[in-house]
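Student: Right, I'll just put the structure down here and ask away after.
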Amino acid sequence: MADILKSVKRIVVKVGSSILVDNQEIAAHRIEALCQFIADLQTKYEVILVTSGAVAAGYTKKEMDKSYVPNKQALASMGQPLLMHMYYTELQKHGILCAQMLLAAYDLDSRKRTINAHNTIEVLISHKVIPIINENDATALEELVFGDNDRLSALVAHHFKANLLVILSDIDGYYTENPRTSTNATIRSVVHELSPDDLVAEATPNNRFATGGIVTKLQAAQFLLERGGKMYLSSGFHLEKARQFLLGGSHEIGTLFYSRVSS
(Lines of atoms letter the chains of each structure in order from A; the text may use other names.)
(Lines give C-alpha, C1' and ligand atoms only; values in the text may rest on other atoms or scores of the structure.)
Protein backbone atom coordinates (compact mmCIF):
# COMPACT_ATOMS: atom_id res chain seq x y z
CA MET A 1 0.00 0.00 0.00
CA ALA A 2 2.94 2.34 0.46
CA ASP A 3 3.29 2.41 -3.34
CA ILE A 4 -0.14 4.05 -3.58
CA LEU A 5 1.16 7.00 -1.58
CA LYS A 6 4.31 7.55 -3.62
CA SER A 7 2.48 9.76 -6.11
CA VAL A 8 0.44 11.58 -3.47
CA LYS A 9 1.53 15.17 -3.00
CA ARG A 10 -1.70 16.93 -2.05
CA ILE A 11 -4.51 15.54 0.10
CA VAL A 12 -7.95 16.72 1.10
CA VAL A 13 -8.94 15.73 4.64
CA LYS A 14 -12.69 15.80 5.30
CA VAL A 15 -14.00 15.54 8.85
CA GLY A 16 -17.65 14.87 9.67
CA SER A 17 -20.01 16.50 12.16
CA SER A 18 -20.14 13.45 14.41
CA ILE A 19 -16.41 13.78 15.07
CA LEU A 20 -16.54 17.47 15.95
CA VAL A 21 -19.52 17.47 18.32
CA ASP A 22 -20.24 15.05 21.16
CA ASN A 23 -23.25 15.11 23.51
CA GLN A 24 -24.28 18.59 22.36
CA GLU A 25 -20.82 19.98 23.10
CA ILE A 26 -18.02 20.83 20.71
CA ALA A 27 -15.52 17.97 21.02
CA ALA A 28 -12.49 20.13 21.77
CA HIS A 29 -10.26 17.13 22.43
CA ARG A 30 -11.00 15.71 18.98
CA ILE A 31 -10.35 19.04 17.28
CA GLU A 32 -7.06 19.23 19.18
CA ALA A 33 -6.12 15.72 18.00
CA LEU A 34 -7.22 16.52 14.45
CA CYS A 35 -5.07 19.66 14.33
CA GLN A 36 -2.08 17.72 15.65
CA PHE A 37 -2.69 15.18 12.88
CA ILE A 38 -2.94 17.92 10.24
CA ALA A 39 0.31 19.45 11.48
CA ASP A 40 2.00 16.06 11.13
CA LEU A 41 0.51 15.54 7.68
CA GLN A 42 1.80 18.92 6.54
CA THR A 43 5.37 17.68 7.01
CA LYS A 44 4.74 15.25 4.13
CA TYR A 45 1.81 16.59 2.10
CA GLU A 46 0.03 19.72 1.01
CA VAL A 47 -3.17 19.66 3.06
CA ILE A 48 -6.67 21.04 2.46
CA LEU A 49 -9.26 20.54 5.20
CA VAL A 50 -12.97 20.21 4.43
CA THR A 51 -14.96 20.51 7.63
CA SER A 52 -18.56 19.87 8.54
CA GLY A 53 -20.05 20.68 11.92
CA ALA A 54 -21.19 24.30 11.67
CA VAL A 55 -24.84 23.43 12.32
CA ALA A 56 -23.94 21.13 15.20
CA ALA A 57 -21.59 23.72 16.70
CA GLY A 58 -24.28 26.38 16.50
CA TYR A 59 -26.75 24.07 18.21
CA THR A 60 -24.43 23.79 21.21
CA LYS A 61 -25.04 27.50 21.81
CA LYS A 62 -28.67 27.89 20.75
CA GLU A 63 -31.17 25.07 20.39
CA MET A 64 -33.53 25.44 17.43
CA ASP A 65 -35.80 23.15 15.47
CA LYS A 66 -33.42 21.87 12.80
CA SER A 67 -36.22 20.48 10.65
CA TYR A 68 -36.92 24.10 9.61
CA VAL A 69 -34.24 24.93 7.04
CA PRO A 70 -33.87 28.65 7.90
CA ASN A 71 -33.17 27.62 11.50
CA LYS A 72 -30.54 25.20 10.27
CA GLN A 73 -28.93 27.93 8.21
CA ALA A 74 -28.96 30.27 11.20
CA LEU A 75 -27.29 27.60 13.32
CA ALA A 76 -24.61 27.20 10.66
CA SER A 77 -24.01 30.95 10.71
CA MET A 78 -23.48 30.82 14.47
CA GLY A 79 -21.43 27.64 14.47
CA GLN A 80 -18.98 28.39 11.68
CA PRO A 81 -17.03 31.09 13.58
CA LEU A 82 -16.92 28.83 16.64
CA LEU A 83 -15.30 26.08 14.58
CA MET A 84 -12.86 28.44 12.90
CA HIS A 85 -11.82 29.91 16.24
CA MET A 86 -11.01 26.44 17.53
CA TYR A 87 -9.15 25.43 14.38
CA TYR A 88 -7.18 28.69 14.43
CA THR A 89 -6.29 28.32 18.11
CA GLU A 90 -5.20 24.69 17.85
CA LEU A 91 -3.24 25.08 14.60
CA GLN A 92 -1.45 28.13 16.01
CA LYS A 93 0.01 25.83 18.68
CA HIS A 94 1.90 24.15 15.82
CA GLY A 95 2.89 27.41 14.17
CA ILE A 96 0.34 26.92 11.38
CA LEU A 97 -2.05 29.50 10.00
CA CYS A 98 -5.42 28.58 8.54
CA ALA A 99 -7.83 30.34 6.21
CA GLN A 100 -11.60 30.00 5.81
CA MET A 101 -13.19 29.35 2.44
CA LEU A 102 -16.97 28.95 2.20
CA LEU A 103 -18.03 27.24 -1.01
CA ALA A 104 -21.17 25.76 -2.48
CA ALA A 105 -21.34 23.02 -5.08
CA TYR A 106 -22.50 25.55 -7.67
CA ASP A 107 -19.26 27.51 -7.16
CA LEU A 108 -17.51 24.53 -8.70
CA ASP A 109 -19.98 24.39 -11.59
CA SER A 110 -18.67 27.73 -12.84
CA ARG A 111 -15.30 27.62 -14.58
CA LYS A 112 -14.54 31.22 -13.58
CA ARG A 113 -15.42 30.69 -9.93
CA THR A 114 -13.53 27.40 -9.87
CA ILE A 115 -10.41 29.08 -11.26
CA ASN A 116 -10.70 31.91 -8.74
CA ALA A 117 -11.03 29.45 -5.86
CA HIS A 118 -8.19 27.32 -7.23
CA ASN A 119 -5.90 30.35 -7.43
CA THR A 120 -6.69 31.24 -3.83
CA ILE A 121 -5.95 27.66 -2.73
CA GLU A 122 -2.61 27.70 -4.54
CA VAL A 123 -1.52 30.94 -2.86
CA LEU A 124 -2.50 29.67 0.58
CA ILE A 125 -0.72 26.35 0.14
CA SER A 126 2.40 28.04 -1.22
CA HIS A 127 2.59 29.93 2.08
CA LYS A 128 1.97 26.80 4.18
CA VAL A 129 -1.48 28.05 5.21
CA ILE A 130 -4.17 25.37 5.68
CA PRO A 131 -7.30 26.15 3.63
CA ILE A 132 -10.37 25.17 5.66
CA ILE A 133 -13.38 24.71 3.40
CA ASN A 134 -16.98 24.36 4.45
CA GLU A 135 -20.25 24.46 2.58
CA ASN A 136 -21.75 27.94 2.63
CA ASP A 137 -24.69 26.64 4.64
CA ALA A 138 -26.23 30.07 5.16
CA THR A 139 -27.13 30.25 1.46
CA ALA A 140 -26.74 26.72 0.07
CA LEU A 141 -29.28 23.97 0.57
CA GLU A 142 -28.23 20.70 -1.08
CA GLU A 143 -25.39 19.63 1.23
CA LEU A 144 -27.14 21.11 4.26
CA VAL A 145 -30.10 18.81 3.70
CA PHE A 146 -28.14 15.72 2.69
CA GLY A 147 -24.47 14.98 2.27
CA ASP A 148 -22.50 16.29 5.27
CA ASN A 149 -19.95 17.68 2.78
CA ASP A 150 -18.94 14.25 1.46
CA ARG A 151 -19.77 15.20 -2.11
CA LEU A 152 -18.29 18.67 -1.68
CA SER A 153 -15.02 17.13 -0.49
CA ALA A 154 -14.86 14.97 -3.63
CA LEU A 155 -15.42 18.04 -5.79
CA VAL A 156 -12.71 19.90 -3.89
CA ALA A 157 -10.26 17.01 -4.31
CA HIS A 158 -10.94 16.84 -8.04
CA HIS A 159 -10.99 20.53 -8.91
CA PHE A 160 -8.10 21.52 -6.65
CA LYS A 161 -5.81 18.77 -7.93
CA ALA A 162 -5.51 16.64 -4.80
CA ASN A 163 -4.16 13.12 -5.25
CA LEU A 164 -6.13 11.64 -2.36
CA LEU A 165 -9.32 12.38 -0.45
CA VAL A 166 -9.25 11.24 3.19
CA ILE A 167 -12.66 11.03 4.88
CA LEU A 168 -12.50 10.81 8.67
CA SER A 169 -15.85 9.66 9.97
CA ASP A 170 -17.78 7.68 12.55
CA ILE A 171 -17.82 5.06 9.79
CA ASP A 172 -14.36 3.49 9.95
CA GLY A 173 -14.51 1.71 6.61
CA TYR A 174 -16.73 0.14 3.98
CA TYR A 175 -18.05 -3.11 5.42
CA THR A 176 -19.12 -6.26 3.64
CA GLU A 177 -22.38 -6.05 5.60
CA ASN A 178 -23.99 -3.64 8.04
CA PRO A 179 -21.79 -3.99 11.16
CA ARG A 180 -24.68 -2.94 13.39
CA THR A 181 -26.80 -5.88 12.35
CA SER A 182 -24.28 -8.56 11.36
CA THR A 183 -21.48 -10.05 13.43
CA ASN A 184 -19.94 -11.34 10.19
CA ALA A 185 -19.31 -7.86 8.80
CA THR A 186 -15.70 -7.09 7.92
CA ILE A 187 -14.07 -3.98 6.50
CA ARG A 188 -13.12 -4.08 2.84
CA SER A 189 -9.46 -3.10 2.67
CA VAL A 190 -9.44 -2.07 -0.99
CA VAL A 191 -12.28 -1.29 -3.39
CA HIS A 192 -11.67 -0.83 -7.11
CA GLU A 193 -15.26 -0.44 -8.25
CA LEU A 194 -18.75 0.09 -6.87
CA SER A 195 -22.04 -1.32 -8.10
CA PRO A 196 -25.12 0.82 -8.81
CA ASP A 197 -26.82 -0.81 -5.81
CA ASP A 198 -24.02 0.41 -3.53
CA LEU A 199 -24.78 3.99 -4.48
CA VAL A 200 -28.53 4.03 -3.84
CA ALA A 201 -28.96 2.07 -0.61
CA GLU A 202 -30.71 3.84 2.22
CA ALA A 203 -28.45 6.21 4.14
CA THR A 204 -28.41 5.84 7.92
CA PRO A 205 -26.31 8.57 9.51
CA ASN A 206 -25.25 7.70 13.04
CA ASN A 207 -25.27 11.18 14.52
CA ARG A 208 -28.33 13.39 14.85
CA PHE A 209 -26.45 16.30 13.25
CA ALA A 210 -24.88 14.31 10.42
CA THR A 211 -26.74 14.41 7.14
CA GLY A 212 -24.74 11.79 5.30
CA GLY A 213 -24.00 8.13 5.88
CA ILE A 214 -22.08 5.44 4.04
CA VAL A 215 -23.96 6.10 0.79
CA THR A 216 -22.78 9.69 0.38
CA LYS A 217 -19.24 8.52 1.09
CA LEU A 218 -19.55 5.85 -1.58
CA GLN A 219 -20.93 8.45 -3.97
CA ALA A 220 -17.88 10.60 -3.26
CA ALA A 221 -15.65 7.59 -3.90
CA GLN A 222 -17.46 6.81 -7.15
CA PHE A 223 -17.04 10.40 -8.36
CA LEU A 224 -13.29 10.10 -7.86
CA LEU A 225 -13.00 6.55 -9.20
CA GLU A 226 -14.59 7.69 -12.46
CA ARG A 227 -11.93 10.39 -12.73
CA GLY A 228 -8.91 8.34 -11.74
CA GLY A 229 -8.86 9.66 -8.18
CA LYS A 230 -8.34 7.95 -4.84
CA MET A 231 -10.18 8.03 -1.52
CA TYR A 232 -9.41 6.63 1.92
CA LEU A 233 -12.19 6.15 4.50
CA SER A 234 -11.17 5.75 8.13
CA SER A 235 -12.20 6.53 11.69
CA GLY A 236 -12.10 10.12 12.89
CA PHE A 237 -12.43 8.94 16.47
CA HIS A 238 -9.19 6.94 16.41
CA LEU A 239 -6.70 8.75 14.19
CA GLU A 240 -3.84 6.33 14.78
CA LYS A 241 -4.99 4.08 11.92
CA ALA A 242 -5.13 6.95 9.43
CA ARG A 243 -1.78 8.13 10.80
CA GLN A 244 -0.23 4.70 10.28
CA PHE A 245 -1.40 4.65 6.68
CA LEU A 246 -0.71 8.23 5.61
CA LEU A 247 2.54 8.74 7.51
CA GLY A 248 3.79 5.19 7.92
CA GLY A 249 2.48 3.47 4.80
CA SER A 250 0.86 0.69 6.85
CA HIS A 251 -2.73 0.00 5.80
CA GLU A 252 -4.22 -2.01 8.67
CA ILE A 253 -7.77 -0.68 8.74
CA GLY A 254 -10.00 1.62 6.75
CA THR A 255 -10.95 1.32 3.10
CA LEU A 256 -8.89 2.58 0.18
CA PHE A 257 -10.79 3.28 -3.02
CA TYR A 258 -8.84 3.47 -6.26
CA SER A 259 -9.29 2.20 -9.79
CA ARG A 260 -6.84 -0.33 -11.14
CA VAL A 261 -6.04 2.11 -13.94
CA SER A 262 -5.14 4.94 -11.53
CA SER A 263 -2.94 2.69 -9.39
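Placement of Cβ uses the backbone N, Cα and C atoms for every residue, glycine included.
Okay, these came from Swiss-Prot:
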type: BINDING; residues: LYS14, SER169, ASP170, THR211, GLY212, GLY213, ILE214, VAL215, THR216, LYS217; note: ATP binding site
type: BINDING; residues: SER52, ASP137, ASN149; note: substrate binding site
Student: Just to be sure I understand the packing, how many Cβ atoms besides its own are within 10 Å of the Cβ of ASP170 (ATP binding site)?
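Tutor: ASP170 (ATP binding site) is surrounded by 16 other Cβ atoms within 10 Å.
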Student: Taking the Cα atoms as reference points, how far is ASN149 (substrate binding site) from ASP170 (ATP binding site) in Å?
Tutor: 14
Student: Using DSSP and three states only, what is ILE214 (ATP binding site)?
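Tutor: Once the DSSP labels are grouped into three classes, ILE214 (ATP binding site) ends up as helix.
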Student: Would you count the other C-beta atoms found within 10 angstroms of the C-beta of ILE214 (ATP binding site) for me?
Tutor: 22
Student: How many Å separate the Cα atoms of ASP170 (ATP binding site) and SER52 (substrate binding site)?
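Tutor: ASP170 (ATP binding site) to SER52 (substrate binding site), Cα-Cα distance: 13 Å.
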Student: Of all the binding-site residues given, namely LYS14, ILE214, THR216, which is spatially nearest to SER52 (substrate binding site) at the Cα level?
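Tutor: Closest recorded candidate to SER52 (substrate binding site) by Cα: LYS14.
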